[in-house]
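Q: Okay, these came from TrEMBL:
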| type | residues | note |
| --- | --- | --- |
| ACT_SITE | A:ASP7 | active site |
| ACT_SITE | A:GLU68 | active site |
| ACT_SITE | A:ASP141 | active site |
| BINDING | A:ASP7, A:ASP141 | Mg(2+) 1 binding site |
| BINDING | A:GLU68 | Mg(2+) 2 binding site |
Protein chains: 2
Amino acid sequence: MRVLGVDPGLTRCGVGVVEGAPGRPLRMVGVGVVRTPADAETGQRLLLVEQGMERWLDEHRPDLVAVERVFAQHNVRTVMGTAQASAVAMLCATRRGIPVTLHTPSEVKAAVTGSGRADKAQVTAMVQRLLRLDAPPKPADAADALALAICHIWRGGATNRIEAAVRAARSTPSNGTLKGTSR
Amino acid sequence: MRVLGVDPGLTRCGVGVVEGAPGRPLRMVGVGVVRTPADAETGQRLLLVEQGMERWLDEHRPDLVAVERVFAQHNVRTVMGTAQASAVAMLCATRRGIPVTLHTPSEVKAAVTGSGRADKAQVTAMVQRLLRLDAPPKPADAADALALAICHIWRGGATNRIEAAVRAARSTPSNGTLKGTSR
C-alpha cells in the first residue's frame, strides 16, 4: 500500500509518501514541502497548494491520502489557513477517486512513538528509525507528513476493514443479497 | 460589473449573482444554494461544492467573486466546514483568473442596511428592496449571498481603486516608469 501523508498548511504543506503494509518493513518513497508566499492572496495560495498536490499525486500515484485532522486551536489565523489547505488536499485526492482518511495529531504520535503526547524530536527520531533513513528526513517539518502516512499504514488496515464491514452491513438489503461491498 | 456572492458552507453554500455599478440600479441575475449531504465524506462534499461552483461560474461568468470572510466563532465544527467550503470557492475563481474579494458579515450588513448589527430579516428585506424583487429571495438563506454581491458592487469600487493605486505605487520602479498598473 502506498500512502501520501499531508500535513496541511498554507505557508508550508508537508507531503510524504510511504510504502508498506502492517508487519512489513516500511519504505520512504518521497518527502517534501509545498510552499506558498505569505504575501500572496489566499486564492492564489490555494491554487499553488492545488498545483503542488497535483504534482505529488501525478508522480507518486498513492493508493490513499492521509491528511491531518484540523482542530480549532489557539491561533485562529493559522487554523483557517490549515483548514483551507486541507480542503484542497482532500479535494485533489477525491477528484481522482483516491480515498482520504483523517488522523488526529495524537493518533499519529501514538502510532509512531507509542505516546500521543510525544514531542517533535521524538516523532522525527522514530520516523527516521522506522523508515531506516541515514539522517532525519529533510525538510524537518515534512517528518509529520511521513508520520501520518506510517500511521495510516499501521492503523488504517484495521480501521478500513471496520468501515468496509459497516458499509457492507448498511448496503445489505433485508433479503440478504450483498451488493457493492468489495473494495 | 457582474458579481457572484458566495456565503460559504459545507451543508449549504449560498450563491447569488448581481449586476450593477455604484449609483446605478442593481439587477439580480441568479440565486441558489449548493447543497451537500451531511453524511457524505468531507472530500466528497468538497467535490460537490467544487462542481456546484463550476456550474455557477460557467453559467454566469462573473467579473468578480465576493466571498464571506470566515472567522473562528463559537461553533468549531461549523467554522471548519465553512473555511473549507470558502477555500473551494476561492480556488475555483482563482483558477479561472477571476478576482476574489472577502467581506466580513458586518461589512455586508452595513452595506445593505446601514448597520453592521442588522438582523437576518432586515438584510433580507433590504436585499429584496434593492433588487426590486416581488418577494424575498428564495431559498431564504441565499439572501446573504446576494447581500455579499451588492456589498462588493457598492464598496468594491472604492476598495479596488485604492488597491490598484497601491499596486501601481509598488510596481513603479525608481526611475518613474509605470508598468502593469492598468486594470
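Note: Cβ is positioned from N, Cα and C throughout, glycine not excepted.
Automatic, uncurated: that is what TrEMBL annotation is.
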Q: Drop a 10 Å sphere on every Cβ of the active-site residues A:ASP7, A:GLU68, A:ASP141 and tell me which sphere holds the fewest other Cβ atoms.
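A: Taking A:ASP7, A:GLU68, A:ASP141 as the active-site residues, the minimal 10 Å Cβ count falls on A:ASP141.
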Q: Measuring Cα to Cα, how far is A:GLU68 (active site) from A:ASP141 (active site) in Å?
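A: It is 14 Å, counting Cα to Cα.
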Q: Cα-Cα, whole number of Å: A:ASP7 (active site) versus A:ASP141 (active site)?
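A: Here the two Cα atoms are 9 Å apart.
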